[in-house]
Amino acid sequence: MEEGILLQWSVFRSLLAILQWWGFNVTVIIINKWIFQKLDFKFPLSVSCVHFICSSIGAYLVIKVLKLKPLIVVDPEDRWKRIFPMSFVFCINIVLGNVSLRYIPVSFMQTIKSFTPATTVVLQWLVWRKYFDWRIWASLVPIVGGILLTSITELSFNMFGFCAALFGCLATSTKTILAESLLHGYKFDSINTVYYMAPFATMILGVPALLLEGNGVMDWFQTHPSPGPALIIIFSSGVLAFCLNFSIFYVIHSTTAVTFNVAGNLKVAVAVLVSWLIFRNPISSMNAVGCAITLVGCTFYGYVRHIISQQPPGTPRTPRTPRTPRNLMELLPLVNNEKLDDKV
């Protein structure tokens with residue numbers, strides 16, 4: 001009886017964690033798009049800066065004031081040698097995401113971001129000559145095919161927004177790869193990641209945002225009919241962006257890896273549906289098919305990673321390359337965290 005109650009509570013807790021993660025994630029995406037499209041605040045660097053500032057303050061409150069999370073202590077020298085380079089890539093990743101959201105529909109942007117597993121695997125293969133099981137490569141085929149179909153049939157296609165989203169995938173993959181070497185020895189959760197990286201990101205982006213968008217922001221203040229309520233929405237998006245990182249920490253500790261993977265891909269589908277209901281951007285039938293193929297491919301990719309990671313240690317089949325993998329983990333790409341930290 002007690003086991004049944006515990007099982008029901010576990011399922012309820014996982015479902016609650018997933019729903020609140022979906023809620024924060026979709027809300028942040030929709031509000032950001034609303035800021036660019038409805039409020040006519042077309043300044044992605046400034047929006048990213050607001051997010052970084054809110055996240056810096058939020059992480060400080062959670063760790064230092066409320067003490068809801070223990071601080072992972074980082075040596076001062078490592079902050080500049082390890083954290084700062086990661087923060088630079090982290091900043092580029094967030095900015096490119098907001099830039100793409102400024103120019104292309106949410107549905108198209110979310111589909112392109114699903115390309116990140118492919119770019120992560122290819123970069124590791126090219127840079128590190130890392131061997132991957134053939135099933136990993138096979139799982140990337142529907143992802144690439146689905147994105148190609150979506151791009152060709154996108155009715156609101158914008159080359160600048162498309163390139164920003166695509167380079168955002170590369171930035172996410174680069175950050176994932178750098179994290180293994182630069183953050184070796186530190187086990188960061190999403191809150192500590194924000195605590196250390198968001199202040200650096202604010203410092204990196206502050207001057208470019210001021211120089212490139214400062215005059216435009218001042219003109220917007222003077223011409224917008226109600227800048228006060230609009231500013232509340234803009235800063236609310238920053239607060240919700242931090243809450244999203246906190247919800248990610250909760251969902252990771254409440255679900256299994258497989259559940260997290262499936263929920264992450266379903267979250268993309270929910271975001272696409274909600275954005276279409278609000279903004280009514282045109283979506284052709286073939287475009288919807290391409291998006292569906294991509295999401296199925298991402299789910300299959302996560303399933304393949306899980307299956308390979310569960311295999312008992314042993315000698316894998318020798319690949320037709322100059323060397324064999326040293327262990328089972330070399331058959332796997334680095335864990336891709338694009339679903340964890342892309343909304344700071």
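Just so you know, the numbers here start at 1 and follow the chain as drawn.
Heads up, the Cβ atoms here are built off N, Cα and C, so glycines get one too.
Taken from TrEMBL, the feature domain 'Sugar phosphate transporter' covers 15-301.
If you look up TrEMBL, you'll see 12-31 (among others) marked as transmembrane segment. The list of residues near the transmembrane segment (12-31) in space but at least 6 beyond its ends in sequence, with Cβ under 8 angstroms from a Cβ of it, reads 101, 106, 110, 233, 236-237, 240-241, 243-244, 247-248, 250-251, 254-255, 259, 263, 266-267, 270-271, 274-275, 278, 343.
Annotation source TrEMBL lists transmembrane segment at 43-63 (among others).
Taken from TrEMBL, the feature transmembrane segment covers 83-104 (among others). Listed by sequence, the residues of this chain that lie at least six past the ends of the transmembrane segment (83-104) yet keep a Cβ under 8 A from its Cβ atoms are 29, 32-33, 36, 42, 44-45, 47-48, 51-52, 74, 112-113, 154, 156-158, 160-162, 164-165, 167-168, 171-172, 174-175, 178-179, 182-183, 196-197, 200-201, 204-205, 341-344.
If you look up TrEMBL, you'll see 134-153 (among others) marked as transmembrane segment.
The transmembrane segment annotation in TrEMBL covers 159-182 (among others).
Sequence annotations record features per position, and here TrEMBL assigns transmembrane segment to 194-211 (among others).
Sequence annotations record features per position, and here TrEMBL assigns transmembrane segment to 231-251 (among others).
Beyond the ends of the transmembrane segment (258-279), by six or more residues, the same chain brings 14, 18, 21-22, 25-26, 29-30, 33-34, 37, 105-107, 110-111, 113-114, 251-252, 291, 295, 298-299, 302-303, 306, 339 to within a C-beta distance below 8 angstroms of the stretch. For 258-279 (among others), the entry in TrEMBL reads transmembrane segment.
Annotation comment: TrEMBL describes 285-304 (among others) as transmembrane segment. Counting residues 6+ beyond its ends, the transmembrane segment (285-304) has Cβ neighbours under 8 Å at 107, 111, 114-115, 117, 133, 135-136, 138-155, 257-258, 261-262, 264-266, 268-269, 272 in the same chain.
Ranked by the number of CB pairs under 8 Å to the transmembrane segment (43-63), the listed stretches 134-153, 194-211, 231-251 are led by 194-211.
The list of residues near the transmembrane segment (231-251) in space but at least 6 beyond its ends in sequence, with Cβ under 8 angstroms from a Cβ of it, reads 17-18, 20-21, 23-25, 27-28, 31-32, 34-35, 39, 41, 47, 50-51, 53-55, 57-59, 62, 69, 189-191, 193-194, 260, 263, 339-341, 343-344.
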